[in-house]
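Engineer: According to Swiss-Prot, the protein has these features:
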type	residues	note
ACT_SITE	CYS56	active site, thioimide intermediate
ACT_SITE	ASP63	active site, proton donor
BINDING	VAL78, GLU79, LEU80, HIS97, GLU98	substrate binding site
Amino acid sequence: MNYDETNNELFQESNMQELKYGERNILEGELITFPNPRIGRRYEINISLPEFTCKCPFSGYPDFATIHIKYIPNERVVELKAIKLYINSYRERYISHEESVNQILDDFVAACDPLEVKIKGDFLPRGNVHTTIEVEHYKAS
């Protein structure tokens, strides 16, 4: 390992130590799942996350939304604290409304492979414009 690599690792390590525990949890956050306790039973799970924030990739202004997730689980169910931390990881990202909701769908499907999922991002009005983005995924039969 050369001098620059060593300094970079030490810098990253010291920055991680300076972070508050919640910030570390968000940075390390990933969508964690557990086995569906009722495989074979078709039931719906609804999750509402009212504190979604990201930054506009054009202006840098914050955007605020409620993310609604409605899904029918397959073999895995998403763990609620993990999805909260995952959603919080968007807070400092420069990302459009459209891309954020589509990325959440992609990551959700990759993590728990639901039979069906619908994700809705209901963004607070900005500049007198109210945006709602809805995306869906259906598992191929």
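Glycine residues also receive a Cβ, built from the backbone N, Cα and C atoms like all the rest.
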Engineer: Once the chains shown are all counted, how many other Cβ atoms turn up within 10 Å of the Cβ of GLU79 (substrate binding site)?
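Structural biologist: Taking every protein chain into account, the count is 16.
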Engineer: Among the recorded positions listed here (ASP63, GLU98), identify the one with the smallest other-Cβ count within 10 Å.
Structural biologist: GLU98
Engineer: Could you give the Cα-Cα distance between VAL78 (substrate binding site) and ASP63 (active site, proton donor), in whole Å?
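Structural biologist: Roughly 25 Å, rounded to the nearest whole number.
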Engineer: Please identify, among the binding-site residues GLU79, LEU80, HIS97, the one with the smallest Cα-Cα distance to CYS56 (active site, thioimide intermediate).
Structural biologist: HIS97
Engineer: In sequence order, what residues of the same chain, 6+ apart, have a Cβ less than 8 Å from the Cβ of HIS97 (substrate binding site)?
Structural biologist: ASP63, ALA65, GLY121, PHE123, THR131, ILE133
Engineer: Report the member of CYS56, VAL78, LEU80 (the recorded positions) whose C-beta atom has the most other C-beta atoms within 10 angstroms.
Structural biologist: VAL78
Engineer: So, three-state DSSP: helix, strand or coil for GLU98 (substrate binding site)?
Structural biologist: helix
Engineer: Taking only the residues the record lists as binding substrate, namely VAL78, GLU79, LEU80, HIS97, GLU98, what is the largest Cα to Cα distance between any two of them, in Å to the nearest whole number?
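Structural biologist: Taking every pair of listed residues, the largest Cα separation comes to 24 Å.
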Engineer: Going by DSSP, give the three-state secondary structure for GLU79 (substrate binding site).
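Structural biologist: Reduced to three states, the DSSP call for GLU79 (substrate binding site) is coil.
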